[in-house]
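> For C352, C412, C415, the entry in Swiss-Prot reads [4Fe-4S] cluster binding site.
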Amino acid sequence: MGKTLAEKVWDAHVVRKGEGEGANAQPDLLFIDLHLIHEVTSPQAFEGLRLAGRPLRRVDLTIATEDHNTPTLDIDKPIADLTSRTQIETLRANCKEFGVRLHSLGDKEQGIVHVVGPQLGLTQPGMTVVCGDSHTSTHGAFGALAMGIGTSEVEHVMATQTLSLKPFKTMAINVEGTLRPGVTAKDIILAVIAKIGTGGGQGYVLEYRGSAIRALSMDARMTICNMSIEAGARAGMVAPDQTTYDYMQGRPHAPEGADWDAAVEYWNTLTTDADATFDVEVDLDADTLEPFVTWGTNPGQGVSLSAKVPSPEDFGDENAKAAAERALQYMGLEAGTPMKDIRVDTVFLGSCTNSRIEDLRVAADIIRGRAKDPNVRMLVVPGSARVRLEAEAEGLDKVFKEFGAEWRFAGCSMCLGMNPDQLEPGERCASTSNRNFEGRQGKGGRTHLVSPVVAAATAVRGTLSSPSDLEPAAAGALTGIAV
């Protein structure tokens with residue numbers, strides 16, 4: 001019997017096989033190739049090592065960055081919020097004590113951990129990657145088995161470079177066809193989550209497959225894998241191919257010379273075998289997919305942008321009906337309202353889902369030469385200092401500034417509102433982030449998850465919009481990048 005991609009990577013990392021079978025099976029012990037850390041989930045883990053008198057076992061496989069609490073304005077000044085400042089200072093002290101490489105605020109490689117890892121070439125096919133962060137699944141776009149872990153597991157990896165886990169089930173997400181202009185990777189994953197639900201992937205590793213996935217860039221594949229957790233999955237993966245290798249080659253930590261050739265030879269084996277069997281398969285037609293947007297308070301509460309706000313009566317399940325009623329109340333929406341009639345106050349372009357260079361390029365293409373709706377505030381927050389510098393070298397910052405957007409420094413920013421970038425109560429935001437939970441972007445804030453394409457068009461019109469809703473002269477020179 002053949003193996004899936006996830007099974008191949010798993011089996012290659014088993015240090016000790018758990019005893020027993022089926023429901024009585026004990027966890028396997030897996031070796032971890034890359035451990036990424038940040039300021040929020042690492043302090044207790046470092047303290048655990050300190051109290052036990054243990055060293056950090058593999059400093060060479062551990063890298064830290066500051067992202068969740070970092071300000072995106074005035075980064076040369078002391079952090080005003082005491083909690084945020086304490087977490088940043090604690091990370092710096094811990095990394096210095098234990099010898100961990102840290103990219104601090106102001107460093108040219110600082111940024112969101114799930115942007116920094118890939119851009120440095122640290123994330124590679126066939127790896128096991130962990131981080132104390134839900135959206136570690138981002139790295140699965142490279143054919144890595146990448147998952148978020150809790151603080152106690154962070155300490156375990158620090159101490160042993162291993163993790164005890166039971167094997168997951170496997171689910172294939174088959175996306176065939178060709179995306180239409182203005183439809184992106186973000187729309188694919190929002191449609192997948194709407195289809196299987198926020199718990200549909202629980203206990204599974206998702207493998208994204210099919211012609212539509214193969215046609216995507218690495219930035220776009222990272223967008224899809226990033227939100228696997230929003231479907232309840234532990235991880236999401238895409239098999240590596242030439243697109244992967246073209247992205248990786250020449251990056252600081254990528255193999256070189258003969259090592260590169262040997263690595264690619266191995267990476268080419270990391271595909272699901274023809275005779276492998278998935279536990280579940282889900283199909284999505286890319287040809288018919290439209291821009292997607294959420295209307296409620298979880299990522300599964302989404303519809304096509306051309307649709308209307310659903311009614312609780314549209315849901316047969318009583319729990320889903322009750323959830324819809326609560327979501328509509330919190331979001332201040334009425335059933336039957338066209339999604340395109342919903343006016344927003346803020347547009348946020350950023351987060352580990354959509355803050356890479358292609359995301360910024362496609363948004364800039366749409367707004368170039370246009371005027372922002374005067375009642376809309378737009379924040380553009382690059383995912384890393386490197387992305388920011390690259391965007392500035394291309395003149396994208398000037399496009400955003402001329403449009404009236406705020407051009408910020410790198411960080412998680414308004415995705416989760418742990419720094420000053422927050423919504424006011426009742427404020428409505430079109431956001432390229434990954435979660436639209438109640439209060440996620442600020443107490444009482446209302447979040448609609450969208451693609452960078454929809455975010456840009458929305459900033460122009462002031463209501464949830466796609467580029468096709470703009471006047472021909474306002475559509476910009478779309479690059480065709482599927483982000």
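In case you wondered, yes, glycine gets a Cβ from its N, Cα and C as well.
Could you tell me the structural context for the features on the list?
Cβ neighbour count for C415 ([4Fe-4S] cluster binding site): 29 (other Cβ atoms within 10 Å of its Cβ, all protein chains included). In the three-state DSSP scheme, C415 ([4Fe-4S] cluster binding site) falls into the helix class.
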> These are the binding-site residues: C352, C412. Which one scores highest on other Cβ atoms within 10 Å?
C412
> Specify all same-chain residues, apart from the site residues C352, C412, C415, whose Cβ lies within 8 angstroms of the center of the Cβ atoms of the [4Fe-4S] cluster site, ordered by sequence.
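So the additional residues around the site are D67, H68, I112, H135, G350, S351, T353, S355, G383, G411, S413, L416, S433, N434.
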